[in-house]
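Written below as structure tokens is the structure these notes are about.
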Amino acid sequence: MEDGLSSFWGPVTSTDWCEKNYVYSSYIAEFFNTISNVPGILLALIGLVNALRQRFEKRFSVLHISNMILAIGSMIYHSTLQHVQQQGDETPMVWEMLLYFYILYSPDWHYRSTMPTFLFFYGALYAVVHALFRFGFGFKVHYIILCLICIPRMYKYYIYTKDVSAKRLAKLYVATLLLGSMCWLSDRVFCKEISHWHFNPQGHALWHILMGFNSYFANTFLMFCRAQQREWNPKVVYFLGVFPYVKIQKPKSQ
């Protein structure tokens, strides 16, 4: 939304959200939409440290790193509001969903090399097409389809998991997803009305924060389920009685 200081990055060439531009700095177009990605980076870093410390499979380290890359890309996009930077935010979103697809479906895939090979070339082809053509609505539809493909498998993991704490992680994943989606939609649909308010609730910034927690809950739940498959005796424990993470005990042979 226009208004504010002069722009270091030039005219807006990307999607503009319901936050006044360049209010606090000439270098940051949307201040709250930029800094709201910091919790997601920190949560992904915590997940990465836990995955490395307990020697989880590399897929989970890559997943946490992809969450950090996505959040950093979002920061760059919202601080500049340039089309190229928006592509740098949207393309990793698709890559991340392909990675979730691999983690969810690969345990039952009989031909191990075919899935990662297909997903790699699919992601590379999408990146090229997305760089050459601008399709805002098409991107949203494509992303939603990828999310919907993952939901049945997540639900299967949920119903087969008996651990109450693990199920709570899945419920927190769904709750943050629904609440975050409501914030995203309200910021997008009711922007004209919100612009006349004395206070902007910063729905898109809240979406970033909630999605940071959403990714952490999803990753932690998937780490628990994978550890169960590997018979690593996983438990959901809480740091300071509040913050959940997965603790495993591998057999000595592993």
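For all residues, glycine too, the Cβ spot is worked out from N, Cα and C.
Quick caveat, the model's predicted, so the values are computed rather than measured.
Using a 10 Å Cβ-Cβ cutoff, TRP17 (Ca(2+) binding site) registers 22 neighbours. Residues annotated as Ca(2+) binding site in TrEMBL: ASP16, TRP17, GLU19, ASN21, GLU30.
Taken from TrEMBL, the feature Zn(2+) binding site applies to HIS78, HIS204, HIS208.
The transmembrane segment annotation in TrEMBL covers 31-49 (among others). If you look at the transmembrane segment (31-49), the same-chain residues 6 or more away from its ends with a CB under 8 A from one of its CBs are 17, 19, 23-25, 60-61, 63-65, 67-68, 70-72, 74-75, 78-79, 202, 204-206, 208-209, 211-213, 215-216, 219-220, 245.
The list of residues near the transmembrane segment (61-81) in space but at least 6 beyond its ends in sequence, with Cβ under 8 angstroms from a Cβ of it, reads 9, 12-14, 16-17, 21, 27-30, 33-35, 37-38, 40-41, 43-45, 47-48, 51-52, 88-89, 92-93, 95-96, 99-100, 103, 208, 212, 215-216, 219, 222. The transmembrane segment annotation in TrEMBL covers 61-81 (among others).
Taken from TrEMBL, the feature transmembrane segment applies to 93-111 (among others).
Positions annotated as transmembrane segment by TrEMBL: 118-137 (among others).
TrEMBL lists 143-160 (among others) with the feature transmembrane segment.
For the transmembrane segment (172-190), the list of distant contacts is 17-18, 154, 201-204, 206-207, 210-211, 213-214, 217-218, 221: same-chain residues at least six beyond its ends, Cβ to Cβ under 8 Å. Residues annotated as transmembrane segment in TrEMBL: 172-190 (among others).
The annotation transmembrane segment is assigned in TrEMBL to 205-225 (among others).
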With the transmembrane segment (143-160) as the reference, find which of 93-111, 118-137, 205-225 contributes the most Cβ pairs under 8 Å.
93-111
Residues of the same chain, at least six outside the transmembrane segment (118-137), with any C-beta under 8 angstroms of its C-beta?
15, 83, 87, 90-91, 94-95, 98-99, 101-102
Rounded to a whole number of Å, the separation of the Cα atoms of TRP17 (Ca(2+) binding site) and HIS208 (Zn(2+) binding site) comes to 13
Around HIS78 (Zn(2+) binding site), how many other C-beta atoms are within 10 angstroms of its C-beta?
28
